[in-house]
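Residues annotated as domain 'Phosphatase 2A Regulatory Subunit A helical' in TrEMBL: 99-282. The repeat 'HEAT' annotation in TrEMBL covers 24-62, 101-139, 178-216, 217-255, 256-294, 295-332, 338-376, 377-415, 416-454, 494-532, 533-571, 572-607.
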Amino acid sequence: MAGAAGPRAAPGAAGGDGDDSLYPIAVLIDELRNEDVQLRLNSIKKLSTIALALGVERTRTELLPFLTDTIYDEDEVLLALAEQLGNFTGLVGGPDFAHCLLPPLESLATVEETVVRDKAVESLRQISQEHTPVALEAHFVPLVKRLASGDWFTSRTSACGLFSVCYPRASNAVKAEIRQHFRSLCSDDTPMVRRAAASKLGEFAKVLELDSVKTEIVPLFTNLASDEQDSVRLLAVEACVSIAQLLSQDDLEALVIPILRQAAEDKSWRVRYMVADKFSELQKAVGPKITLNDLIPAFQSLLKDCEAEVRAAAAHKVKELCENLPTEGREAIIVNQILPYIKELVSDTNQHVKSALASVIMGLSTILGKENTIEHLLPLFLAQLKDECPEVRLNIISNLDCVNEVIGIRQLSQSLLPAIVELAEDAKWRVRLAIIEYMPLLAGQLGVEFFDEKLNSLCMAWLVDHVYAIREAATNNLMKLVQKFGTEWAQNTIVPKVLVMANDPNYLHRMTTLFCINALSEACGQEITTKQMLPIVLKMAGDQVANVRFNVAKSLQKIGPILDTDALQGKVKPVLQKLGQDEDMDVKYFAQEAISVVAQRLRKLDVLVKDREEPRIPGADKNLFLIPRGPGEDTGKGPACQLHVNTRDTLAQLEIAELVHFLQSRE
């Protein structure tokens, strides 16, 4: 490797005996020492191939020592090496020789780059599981001790992640040493080491005996939670969740809760933020009694915190907190102790706080029930629907279904519909889009009459919006409405209004007419499409704007499968042929595309008609028939009978029938 020609010779002599099969391996080994970083990286990623070629013994005696002596390389090469070595146990001879992988990984666990150290620790944790208890104490535990007592903080931070994997299988004497080393790291002079120890405190506590947790881990937790560095204190909060799960209620109240209350009022906002972020997990860990007595007051203070980030994190946890409260008396607790603080957040000065609250507040309706929702929550929803921040309004709109399930659509429409109508014309297009996406659900629950009275005009107005995404969503919305209300409603209410837009002076609105016809044709069926929509599409083929004309071709292609033979032959085909001669290249292209689809449709219909009407002479196969040619058809150029397929049986046979018919029509 570059800059590190180790004292050992690389195991590159693998191809020196003239065996051509080993030449690629020799190349890979040579690339390990190449000056090009990318070549070294490629070779490291193929390290398992090299090891397989060398065999387990040479891998242990040559390759691993070489790698160990040359760990002075680019970070990306070292990262790849640390990852590869984690899966190397089988390549060095199995679990009995897993300890051979420890030296290079130990070196990697001491490098300066954090991601390399973390990957080396991950591989070491993986390899530790493959050690026998004897080998663990003989090889792995000494490695942990060396790292824990290293001169550089890098090795000591890496050691913190290894205690929990070797402790459970160690003897009692060794366990005492491991705990002693961990205690030393928790009080290390270097903040980075204390931070690493705090991040692994909860994990280590889970593998310790309960007595050791009380006598050793809790004091460590107390010290770390009072550390001068806030980056250490906030990690202690995370460890609190794991420790709380291990202790009894009495021990929690005596040992942990005072520290947790202190963290909720910490002078550093980052520590308070961590408390808010982990609040649901803490609530589950400590149980309902302590939650009511201690956590709810702490949560109230977090909702009123002076830092917006803390208030936002706490607001995100409102719904989870309420869900996890004991069922008995839950509504009273929420109304009396949580809602007063939520009401203040609705008018918070920071938009991120209001947005965080809006994303979860609707979920409270299912917890509080209909009466409390109408009395306490609906005014808050209305205030947020009218909030100046578009993200707040968007979050409320997106979760309306939660409230609808509780209070019913009538109450919802009376209370919130005026605000929804106002938002349908909001200046922010994303807000309008959210309203459109909710409209089919709202319409289905309101019913046809109420929808036509209150919301129909809105849906039509969206079709001429200046933002394409809104017009597209409005088109899809119409299709969903027709599916809910039926074709008769569409024929009387929607289709006439859509077709009027074909005469709009704005070509974008005329194109929207075509998009609507594309979406509605399938939902409305053949009769409405042929009688009401097709004439308008054909008329628009003479539009002055090329974009409209080629969208006419695309629309005819789209609705072609719905139409019958007469409409296709007599109306659609002539128009497409005319568009196929258009001066605009795009129009010609899409017209030709549509012509091919229509021709295929006509052939299919023709075959189906013949299949129903013409006499059949059964052949050898029950699905194949020989159909006599009509008078004058037998010209001597082909057989007197033509092959025909019963198209009702399979799609594959239908395709054969189309091909036969098409070839004979060309003759």
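Even glycines carry a Cβ here, placed using N, Cα and C.
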Handout entry: Helix, strand and coil counts within the repeat 'HEAT' (24-62) (DSSP)
Key = 32 helix, 0 strand, 7 coil
Handout entry: Segment-segment contact (the repeat 'HEAT' (338-376); the repeat 'HEAT' (416-454)) at 3 or more Cβ pairs under 8 Å
Key = no
Fill in the blank from the handout: In the same chain, residues at least 6 away from the ends of the repeat 'HEAT' (217-255) whose Cβ sits under 8 Å of its Cβ atoms read 182-183, 186-187, 191, 194-195, 197-199, 201-206, 208, 210, 262-263, 266, 268, 270-271, 273-275, 278, 281-282, 285-287, 289-290
Exercise for the section: Sort the residues of the repeat 'HEAT' (295-332) into helix, strand and coil with DSSP and give the three counts. Expected result: 27 helix, 0 strand, 11 coil
Practice task
Could you give the residue numbers and ranges of same-chain residues that sit at least 6 residues beyond the repeat 'HEAT' (178-216) on either side and whose C-beta is under 8 angstroms from one of its C-beta atoms?
Solution key: 141, 144-145, 148-149, 153, 156-161, 163-164, 166-168, 170, 223-224, 227, 229, 231-232, 235-236, 238-243, 246-247, 251, 255
Handout entry: Per-residue pLDDT averaged over the repeat 'HEAT' (494-532), given as an integer
Key = 88
Practice task
For the repeat 'HEAT' (416-454), could you work out the same-chain residues 6 or more beyond its ends whose Cβ comes under 8 Å from its Cβ atoms?
Solution key: 378, 381-382, 385-386, 390, 393-394, 397-398, 400-401, 403-404, 409, 461-462, 465, 467, 469-470, 473-474, 477, 480-481, 484-485, 489, 493
